[in-house]
Amino acid sequence: MSKKILVLPGDGIGPEITAEAVKILNACRDAGLDAELEEALVGGAGFDAEGHPLPESTLAKAKAADAILLGAVGGPKWDTLEDLSKRPEKGLLGLRKNLNLFGNLRPALLYPQLAEASTLKPEVVSGLDIMIVRELTGGIYFGQPRGIEERNGERVGFNTYVYAESEIERIGRVAFEMAQKRGKKLCSVDKANVLEVTILWREVMNRLAPEYPDVELTHMYVDNAAMQLVRAPKQFDVVVTGNMFGDILSDAAAMLTGSIGMLPSASLNERQQGMYEPCHGSAPDIAGQGLANPLATILSVAMMLRYSLGEPQLAARIERAVGKVLDQGLRTADIAYPGTRQVSTSEMGDAVLAAFAEA
Ligand code: NAD
Ligand code: IPM
Ligand code: MN
């Protein structure tokens, strides 16, 4: 049966980068992928058109889709909305929560051609291949109570960092299984020297470990992990952590690969339905200028083919095409350096398309 893919361009550079990824998706359809594409509004675009960052019609289409491709949401235009539930980011969080997309995979892989693009020394990053497994539907992002209220004559803001054992266990299993398929090393990142919720996190990871005897489990505090990521990132294979730590560490890991414009992601639920998006945001500072790097979004399409559409060969073909384009010296501004040729967002997308056709 034909697969359903929902495309949600969103805001800022979102429409520019998803347009390039859709070109590749269409090329995959020409190459035999049996899929239908549909588009809908989310984020600020959803709010402007329908008064809500996650319109009901968009949520219904998302639930019915096999896979979702999302650009990015948010921007200064909506940052002052008083009603926090109407902010663009709530649209994204609502999709993740409603579809139960608890397993977020963020692969920080350095393409060898980009060793010079990283702000770190080539010898520190060359050969880098880390998979960050981030819990995505719990933790401090969703814990109750939360709010801003008046207490003793002043306002206080508060959030709740909470994880149930069952939530820790299911993300732990995703991470252990990922480690089994890769380098068999799993580092669980927490703050168990201070926070009870992560004492429980560490306990659950330790309890699961004997079920995966081929995986070596280690633990690290998040502050040290941030430091180790820039000191000696190749010590990591799979990293598992909670929602907020994973958000922060994955942006840091992105820079190891040359640019946040290179980091794709998959967000999966228990039945492998997935949302695929670059890890970066809507980049208002460069929106509308043809400067955005579309490769993270294009590589997110490869993840979609691998994890939700059962097409690993097409996925590998996209990844090879990206490698070829980098071999040709083509670079968007964020990964350009002397000796390479700077191209626009759409020129990069077209180059990947041409390389895909030959791959
Ligand atoms: P950002 O990721 O949008 O931008 C950070 C920096 O990285 C900027 O200088 C930007 O130009 C650059 N950058 C990002 N993507 C790029 C790309 N593809 N090519 C080249 N350069 C790129 O983060 P921010 O500035 O903190 O946030 C901007 C908005 O995006 C906010 O409203 C935020 O809430 C939202 N946001 C959305 C998502 C998402 O939709 N998944 C993720 C992060 C941030
Ligand atoms: C990300 C983003 C989101 C997050 C925001 C926009 C809600 O930063 O996907 O990394 O914090 O999860
Ligand atoms: Mn983020």
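Placed from the backbone N, Cα and C atoms, the Cβ positions cover glycine too.
Quick look at what TrEMBL lists:
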{"type": "DOMAIN", "residues": "4-352", "note": "domain 'Isopropylmalate dehydrogenase-like'"}
{"type": "BINDING", "residues": "ARG96, ARG106, ARG134, ASP223", "note": "substrate binding site"}
{"type": "SITE", "residues": "TYR141", "note": "site 'Important for catalysis'"}
{"type": "SITE", "residues": "LYS191", "note": "site 'Important for catalysis'"}
{"type": "BINDING", "residues": "ASP223, ASP247, ASP251", "note": "Mg(2+) binding site"}
{"type": "BINDING", "residues": "GLY281, SER282, ALA283, PRO284, ASP285, ILE286, ALA287, GLY288, GLN289, GLY290, LEU291, ALA292, ASN293", "note": "NAD(+) binding site"}
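Annotated features taken from TrEMBL, shown on the structure.
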residue : record                 : Cβ neighbours (10 Å)
ARG106  : substrate binding site : 24
ARG134  : substrate binding site : 28
ASP247  : Mg(2+) binding site    : 18
ASP251  : Mg(2+) binding site    : 15
GLY281  : NAD(+) binding site    : 21
ALA283  : NAD(+) binding site    : 24
ASP285  : NAD(+) binding site    : 10
ALA287  : NAD(+) binding site    : 17
LEU291  : NAD(+) binding site    : 18
ASN293  : NAD(+) binding site    : 28
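For ASP223 (substrate binding site), the Cβ neighbour count at a 10 Å cut-off comes to 12, with all displayed protein chains included. Checking the binding-site residues ASP223, GLY281, GLN289, ASN293 for a CB within less than 6 Å of any atom of ligand 3 leaves no residue at all.
For the pair formed by ALA283 (NAD(+) binding site) and ARG134 (substrate binding site), distance between Cα atoms is given as 22 Å, rounded to the nearest Å. Taking ARG106, TYR141, LYS191 as the recorded positions under consideration, the smallest Cα distance to ALA287 (NAD(+) binding site) is found for ARG106. With respect to ligand 1, the recorded positions LYS191, ASP251, GLY281, ALA283, ASP285, ASN293 contribute GLY281, ALA283, ASP285, ASN293 as residues with a C-beta closer than 6 angstroms to one of its atoms, given in sequence order. For the Mg(2+) site, the Cβ centre of ASP223, ASP247, ASP251 serves as reference, and the other residues of the chain with Cβ at most 8 Å from it are VAL222, ALA226, MET244, PHE245, GLY246, ILE248, LEU249, SER250, ALA252. With respect to ligand 2, the recorded positions ARG106, ARG134, LYS191, ASP251, GLN289, ASN293 contribute no residue with a C-beta closer than 6 angstroms to one of its atoms. With respect to ASP247 (Mg(2+) binding site), the closest of these recorded positions in Cα terms is ARG134, chosen from ARG96, ARG134, TYR141, LYS191.
Over all protein chains present, the Cβ of LYS191 (site 'Important for catalysis') has 19 other Cβ atoms lying within 10 Å. If you measure from the Cα atom of LEU291 (NAD(+) binding site) to that of LYS191 (site 'Important for catalysis'), you get 38 Å. In this structure the residues listed as binding substrate are ARG96, ARG106, ARG134, ASP223; their two most distant Cα atoms lie 27 Å apart.
Spacing of ARG96 (substrate binding site) relative to TYR141 (site 'Important for catalysis') is 11 Å (Cα to Cα, whole number).
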